[in-house]
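This report refers to the structure that appears directly beneath it.
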Amino acid sequence: MSAIAGNWVAVGTVDDIPRRGARCVKNGDMTIAIFRTADDRIFALEDKCPHRNGPLSQGIVHDGCVTCPLHNWVISLETGQAQGADEGATAAFPVRIDGSQVLLALTPAAEKAA
Amino acid sequence: MKEKLVIIGNGMAPGRMLERLFEAAPGRYDVTIFNAEPRVNYDRIMLSPVLSGEKSFEEIVIHGDGWYIDNGITLYKGHKITGIDRAAKTVTSDKGEIASYDKLVIATGSNPFIIPVPGHDMPGVLTYRDLDDVNAMLLAAQSRDKAVVIGGGLLGLEAAAGLSERGMAVTVLHIMPTLMERQLDPAAGYLLQRALEERGINVMCKANTKAILGDGKVEGVELADGTVIPASLVVMAVGIRPNAQLASDAGLTVNRGIVVDAGMRTSDADIFSLGECAEVDGQVYGLVAPLYKMAEVAASRLSGDETARFEHMDTPTKLKVTGIDLYSLGDFAEGDDREEIVLRDAAAGVYKRLVLKDNRIVGTVLYGETADGAWFNDLKKKQTDISEMRETLIFGQAYQGGGQLDPMAAVAALPDDAEICGCNGVCKGKITGAIAANGLTTLDGVRAHTKASASCGTCTGLVEQLLSLTLGDAYNPAAVTPMCGCTDLGHDDVRRLIKAKGLKTIPAVMQELEWKTSCGCAKCRPALNYYLVADWPDEYADDYQSRFINERVHANIQKDGTYSVVPRMWGGVTSSKELRAIADVVDKFGIPTVKVTGGQRIDMLGIRKEDLPAVWADLGEAGFVSGHAYAKGLRTVKTCVGSDWCRFGTQDSTGLGIRIEKFMWGSWTPAKVKMAVSGCPRNCAEATCKDVGIICVDSGFEIHFAGAAGLDIKGTEVLGHVKTEDEALEHIVALVQMYREQGRYLERIYKWARRIGYDEVRRQIMDDAEKRKSYYDRFVFSQKFAQVDPWSERVSGKDKHEFKPMATLSLEAAE
């Protein structure tokens, strides 16, 4: 059901995602988590914590970050960078809202850290 | 090709060595560790606070399992190395594992010395060396009986204070005329003895142990003069010996310890040794600061830096007994070329002594007032000529150069290179620099960034003074620990204000209590959600986005992102129909692992998230509801077969367990709650290590509480005795409700009860019938809204979005 316009892929509507929650988009072997914050901003990260590959989509969303459900690493939704004293990053994908449609670009915003 | 580094021993020294090595030469070695102790690296010098109950084992772990995985280390726990083959360059463990090495590090530590008096090998005679010793002492302490500690040195006195804190009547036997004679002069030793006696610890000096008495188990200790001291526990803390046998068997040079050069190399150039087992320049060390220094030298050498050298260092001795301040450093023997300055204030219990040679400090003993220790240490280290300030030297730094009598002034005046944390070698400048650079405002922050105060903790006061010097009024050490970074309020204040202000939603709490973040964090949101559920069961709408994933999807998340599901089996009883239904579900969904849990339930592991609703639907059809195995709530009530089947059963323990579980399931609590009912004192359901346990006896029911069998192992306390099942139910329900209303989120019953006081819990639940009834009624009221099976709710479509992807893109779209 995904219409492709240029680089952008429509993956669903904003209302499909609970506030302060996430939904997943499967893209081949990769899972991308689409997050919606309390103030309705949308972000996309590869659904893998840089620590032990925990599914970030299952974490608690707060203040522009998500806390990984496995070991409580806090990851920035915007950059995919681990916060605090932890180091590492997961891939962040550009995402935008067109009307109520959520559009996702499948090229990571920045090179993923090794 | 990576080089192979094998380490024998997993104590604090090799742990620190690896941290430094990974910084200096990341990826250079494949590391394999063999550890005879079956656990990860922990802070051994903090065992005393664990014994006294001030800390838990979790709090003293230095490197958890994750650290080893993250760093690609192969850790063999519980493997003792039995031989080193230097020609083949291999080591062999007692379990038959053989590992080859390019470089080998021997860090086998030391063994406690045991006086070979008659009876020394009886059960009930312990040493004080590792966590197993501490656990054994804690078990023994539950008897509230008498203990004898042989050895009046640092470890012996810490053990004695810990056991006394745990309720034992303790006698310390010390062979010398005064305590800690190697670190303290007789005057300070006397003050220490008096302070211990004031705490109810009996101290006998010049006591020469002749035998340990008893028939099969310890009954007492006999001294050379014939005195007999009754005891059911004897702790020997008379010293340690470097554990050098393995090295010696391998043909390495060994004196008292394994002989190493200043670069920590043994007589074999590819073998290093460090820690308590190593001997440098004729000296062996037992305090952590020089051992950490060895670790740094060894790491440098292993990373290719051949210049690092270990040099002898003096380390201050401090006793980790709360309320006793003691500091000793250097050499304080008398001598013709020595002078001394002594200050005594008998009323205040203060004693200070400085030993001088050529107007320079060579030794310091401080008792009762130790704040100037770091300053004296600094003068000694720098060999400062003190003749100018001789008149006022003993009064400390505040009296120098017209300085005012301000406790802060001493710390403020310390130079930046003055050592604050001896254990980790952290100086003042590094701490103040880290505070400024990282905007630190708490002790924990300083610990995380500098490691200062993170080992034995005796420098905590100094670090706090540095925090308040650097931050001014912004630092308030007396403040309660905030719930998290989003608020300055502690859990208790938040709970109180939720009630007092009638706050009934998370946004209302955050607004009224001035939260610093827009929507909290993963620490405070689940806590607030619980407090609101517990306080307003009829009015509050549960916030699913503030629950951890396990509670949000009613299954346990596992390491690979799959889930496990545990259906409720009331009282642990099942039937062929239930087992058949479980077997069918396992087959239908290809569930890879089926496991019986410690709480007598069946765990199905490895279920994909999207399959969960279908699994629940099938289980629900067979009559199962969720076992809440994931919940901060009532999990299981374990039972034995009781009077129905057992020859010894006194009551229907199975029936009572089922009744309790059916009554209480679905209730949310601050942390998980596990219960058990045993049909007789043989205790087959293991009720005495549960949050709440019942032991059935002929005359009724003995109710227990506040046990634990996780990282902390703790037997239960007795709440009281009741005659009927109905009374038993009312009492435990009231107890759990009291905990629900007062517990801090994630605080288990045993921690809550310790904080509130066991007697206070007994008073409210056993003695105050009115209070008990009102707790009971509030629990019953809240159950009206709680006993909803979350599985059937999900099967009927609630939160459907959780279990399905939002979109599945075709492969072309991914290029």
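Backbone N, Cα and C atoms are what each Cβ position is placed from, and that goes for glycine too.
Listed features, source TrEMBL:
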DOMAIN    B:4-282  domain 'FAD/NAD(P)-binding'
DOMAIN    B:317-383  domain 'NADH-rubredoxin oxidoreductase C-terminal'
DOMAIN    B:420-467  domain 'BFD-like [2Fe-2S]-binding'
DOMAIN    B:483-532  domain 'BFD-like [2Fe-2S]-binding'
DOMAIN    B:558-621  domain 'Nitrite/Sulfite reductase ferredoxin-like'
DOMAIN    B:631-772  domain 'Nitrite/sulphite reductase 4Fe-4S'
Between the stretches B:4-282, B:317-383, B:420-467, B:483-532, B:558-621, which wins on the count of C-beta pairs under 8 angstroms to the domain 'Nitrite/sulphite reductase 4Fe-4S' (B:631-772)? B:558-621
Could you give the number of helix, strand and coil residues in the domain 'BFD-like [2Fe-2S]-binding' (B:420-467) as assigned by DSSP? 27 helix, 4 strand, 17 coil
How do the residues of the domain 'BFD-like [2Fe-2S]-binding' (B:483-532) split into helix, strand and coil according to DSSP? 26 helix, 0 strand, 24 coil
According to DSSP, how is the domain 'Nitrite/Sulfite reductase ferredoxin-like' (B:558-621) divided among helix, strand and coil residues? 30 helix, 14 strand, 20 coil
Please spell out the DSSP helix, strand and coil residue counts for the domain 'NADH-rubredoxin oxidoreductase C-terminal' (B:317-383). 10 helix, 31 strand, 26 coil
Based on DSSP, tally up the residues of the domain 'Nitrite/sulphite reductase 4Fe-4S' (B:631-772) by helix, strand and coil. 59 helix, 36 strand, 47 coil
